[in-house]
């Protein structure tokens, strides 16, 4: 399967996440416990990966599966990083407004490129670095509202703690992605075996978070397993399947492509969501949105196009052997 096909599919699924989540609301509120959605998505990914792993094990030769504890113990780490990241996100929103938070979230594009270079030792050309910076500028431009609006003034008026937490959130998001890619490419184990390990720990940590919520609320709504499917509709199940399918595609990209492909997919998905919102939710397109799309398209072309296409190198001129003129050379001997 070609990586660009998977990336395109991930873009479509990611762009529809926000739309499906909005449609799953009733009068602007969730009738279901939203914390159960990530848990069910992890369970869905675990079941799908287990089925594919079972099919692989029936083949000959069987897939490679490293069961050494030194390797297995590395797989809970991404779940821990994402758990910390989620808490930092909530803490950031206590200091900044939603618009500022979304704009600062684009820092993860740059931090992913930096950690991609430092930890995975992947060398990027100067053009590719420029493309990553352009992608961050493009996504930010598309999110900036008109200068006459209050949110534009609040962008640089948040407390310093908000900016520090925003930077920390971007670094944690990039670290989780880069570390996951390191795990997936660390050996030649079966992708589905690696997924089973990742999603097992993912489901455990999400379940632990649900238990923690119960203790924090003093079990006012009862234990989490009794309300697991309360308020669920067809749209809600579509959110779960969308989130789970997107996660499976991300693991494939981490195994056979890299983090930068994932960053481009999710960034383009954000722009696609804005365009679709024009038709679905009467979202008014802005000049900033069109400028952001153009900048991101330039960044996409700059990163993935061959350097010869970008620089415009002249074609190599091949000489015609018949047109070469023989030049006589005088050989002098020493007297």
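Note that Cβ sites are derived from N, Cα and C of the backbone, with glycine treated the same way.
No curator has checked TrEMBL annotations; they are predicted automatically.
Within the listed segments 34-54, 307-327, TrEMBL records transmembrane segment for the stretch 34-54. Remote same-chain residues near the signal peptide (1-18) are listed as 239, 242-243, 245-246, 249-250, 252-253, 256-257, 261-262, 264-266, 268-270, 272-273, 276 (criterion: CB distance under 8 Å, separation of at least six residues from the stretch ends). Tertiary neighbourhood of the transmembrane segment (101-120): same-chain residues 89, 92-93, 129, 132-133, 135-136, 139-140, 143-144, 155, 163, 166-167, 169-171, 173-175, 177-179, 181-182, 258-260, 263, 267, selected by CB-CB distance under 8 Å and a gap of 6+ residues from either end.
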